[in-house]
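Asks: One structure is given below, represented as structure tokens, and several questions about it will come after.
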Amino acid sequence: MARHPGLLLILLAAVAAVATTSRAQWVGGWNVIEDVAGNNQIQRVGAWAVGKHNQLGTNDRLQFVRVVAAEEQVVQGSNYLVVIDAASSRKKTRELYVAVVADLVGATTYQLSSFKLATK
């Protein structure tokens with residue numbers, strides 16, 4: 001069996017390059033979305049999540065204020081993890097909530113995967 005030291009070096013270099021790539025660069029990894037305040041799509045996703053949460057019959061009756069942070073995961077469409085500043089009409093307070101919203105290829109609307117009060 002012939003040996004190919006050059007091929008081995010190329011293979012090792014490729015493995016090293018892949019190993020040092022951050023997880024955010026992988027398909028399926030979560031990527032931070034910069035400038036969420038100026039990103040109209042992300043603000044719409046956050047507002048939709050609050051509206052959907054209210055439709056589910058919760059007693060919170062939240063009012064959307066703004067998305068303060070977001071990440072995107074590209075899969076078959078996109079998943080958005082959004083941190084939402086919302087006002088509670090019942091509690092008379094503003095708190096942060098974390099929602100995961102799916103925007104699937106071929107779907108006509110978003111899907112709310114989770115919505116919960118952010119932990120500190």
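Cβ coordinates are placed from backbone N, Cα and C, and glycine is handled just like the others.
What Swiss-Prot records for 1-24 is signal peptide, and it gives sequence analysis as the kind of evidence. Taken from Swiss-Prot, the feature site 'Reactive site' covers GLY28, and the record attributes it to similarity to another entry. Annotated motif 'Secondary area of contact' per Swiss-Prot: 73-77, in sequence order, evidence recorded as similarity to another entry.
For each feature listed, report its degree of burial, its nearest neighbours and the pertinent distances within the displayed model.
Replies: Under DSSP, GLY28 (site 'Reactive site') is assigned to coil, being neither helix nor strand in the three-state scheme. Using a 10 Å Cβ-Cβ cutoff, GLY28 (site 'Reactive site') registers 9 neighbours.
Beyond the motif 'Secondary area of contact' (73-77), the same-chain residues lying 6 or more positions past its ends with a Cβ under 8 Å from any Cβ of the stretch are 27-31, 102-105, 107.
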